[in-house]
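Below is one structure, written out as structure tokens, with a few remarks after it.
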Amino acid sequence: MTTPANAQNASKTWELSLYELHRTPQEAIMDGTEIAVSPRSLHSELMCPICLDMLKNTMTTKECLHRFCSDCIVTALRSGNKECPTCRKKLVSKRSLRPDPNFDALISKIYPSREEYEAHQDRVLIRLSRLHNQQALSSSIEEGLRMQAMHRAQRVRRPMPGSDQTTTMSGGEGEPGEGEGDGEDISSDSAPDSAPGPAPKRPRGGGAGGSSVGTGGGAAGGACGGAGSEDSGDRGGTLGGGTLGPPSPPGAPSPPEPGGEIELVFRPHPLLVEKGEYCQTRYVKTTGNATVDHLSKYLALRIALERRQQQETVEPGGPGGGASDTGGPDGGGGERGVSGGGEGPEEPALPSLEGVSEKQYTIYIAPGGGAFTTLNGSLTLELVNEKFWKVSRPLELCYAPTKDPK
């Protein structure tokens, strides 16, 4: 059966789409106009699909006209895969390929320094292989851990600002009668240095009170020693027996060595402490196993000692002394002394340290600048730092007098 001629012509007719029927044809460039094209935009055209590098000794397939590097396509055919890597068209052998020197000339025109480009690629690969391997990663991790440990040790040993005025508050660890304490050390920069260790008695000159609350004892002894009173030195030595914690029973094991030191800033509570009251920011450095009760009692002792020092400074002299050196405006005698010698009236009682307790002050913390949280007295500072603070700067605590200490 023969097919009509018009049917054969109709099968060879190219049917145009609606877009192709209405689009405007582009005008051919007939003059010497040049168009700038970046080499990066030609990268996909100049790249071998097998090695993904620039074509070298280009070979073109005769069937599908795809281009490959000569070494790449020959290796692919020898591996037994007799088809085009791009379109899977049948390739019998190397006879299905032909060299394409025109394309090589085009590449050499675009990249005249091909050897320099390849040398640069080799240097980049060598550098990557040297830096990006398991050994380099391990050495980098070890170096980072070593640097972190070194900086952490420096941060622990770094002195606080004003460390030349730092004093140590420590409980004695010797015989039970010499000085009782837990062994924690708390430093504050609000008074001059004092040597740690209790002293049974101080000379009349006062000096620094070697005590667990060394700053207060020393200041009180020094203030009263200037007036020549014998009992001021005794008080300076007696204050040296103050401790931060309950006394250790005889024969009890010594406390463990502190695991680390913690720096903290002690501020008065901005809401609960009135501006007229005694309030002072304190910078303290202590061991991590000190508890909140230790800080409360330390604070109560310090404030009591400093108030006692203030009272002794305002009212100098002592029982049995001579004429007071604090004369009135009219040249008369002092407030407590009797001019002409003789025994003066009894000195007013100074604030007692026997009733000092950790219940007198409450410690607060404001994690993240939020609401204030009351700290339990049994919490250690290390636990407080891990639970509430979690930042790499000194722990900030607030204190306020307890409303109903019991």
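Quick reminder: no glycine exception, Cβ is built from N, Cα and C everywhere.
The phosphothreonine annotation in Swiss-Prot covers Thr24 (among others) and rests on similarity to another entry. Under the three-state DSSP scheme, Thr24 (phosphothreonine) falls in the coil class. If you take the C-beta of Thr24 (phosphothreonine) and look for same-chain residues 6 or more apart in sequence within under 8 angstroms, you find none.
Annotation source Swiss-Prot lists phosphoserine at Ser38 (among others), citing similarity to another entry. Counting only residues at least six positions away in the same chain, no Cβ atom sits under 8 Å from the Cβ of Ser38 (phosphoserine).
For 48-88, the entry in Swiss-Prot reads zinc finger, with the evidence type sequence analysis. Residues 94, 96-101, 103-104, 107, 111, 114, 117, 121 of the same chain sit 6 or more residues outside the zinc finger (48-88) yet have a Cβ under 8 Å from a Cβ within it.
According to Swiss-Prot, the phosphoserine annotation covers Ser140 (among others). The Cβ neighbour count for Ser140 (phosphoserine), using a 10 Å radius over every protein chain in view, is 11.
As annotated by Swiss-Prot, region 'Disordered' applies to 151-263 (among others).
If you look up Swiss-Prot, you'll see 175-187 marked as compositional bias 'Acidic residues'.
Here Swiss-Prot flags Ser187 (among others) as phosphoserine, drawing on similarity to another entry.
Annotation comment: Swiss-Prot describes Ser190 (among others) as phosphoserine.
If you look up Swiss-Prot, you'll see 201-204 marked as motif 'Nuclear localization signal', on the strength of similarity to another entry.
The feature compositional bias 'Gly residues' is assigned by Swiss-Prot to 205-228 (among others).
Marked as phosphothreonine by Swiss-Prot: Thr215 (among others).
Taken from Swiss-Prot, the feature phosphoserine applies to Ser229 (among others), supported by similarity to another entry.
Look at Swiss-Prot and you will find 230-406 tagged as region 'Necessary for interaction with CBX2'.
Residues annotated as phosphoserine in Swiss-Prot: Ser232 (among others).
Among the features that Swiss-Prot reports, compositional bias 'Gly residues' is placed at 235-244 (among others).
Residues or ranges marked as compositional bias 'Pro residues' in Swiss-Prot: 246-258.
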Checklist entry - What counts of helix, strand and coil residues does DSSP assign across the zinc finger (48-88)? => result 9 helix, 9 strand, 23 coil
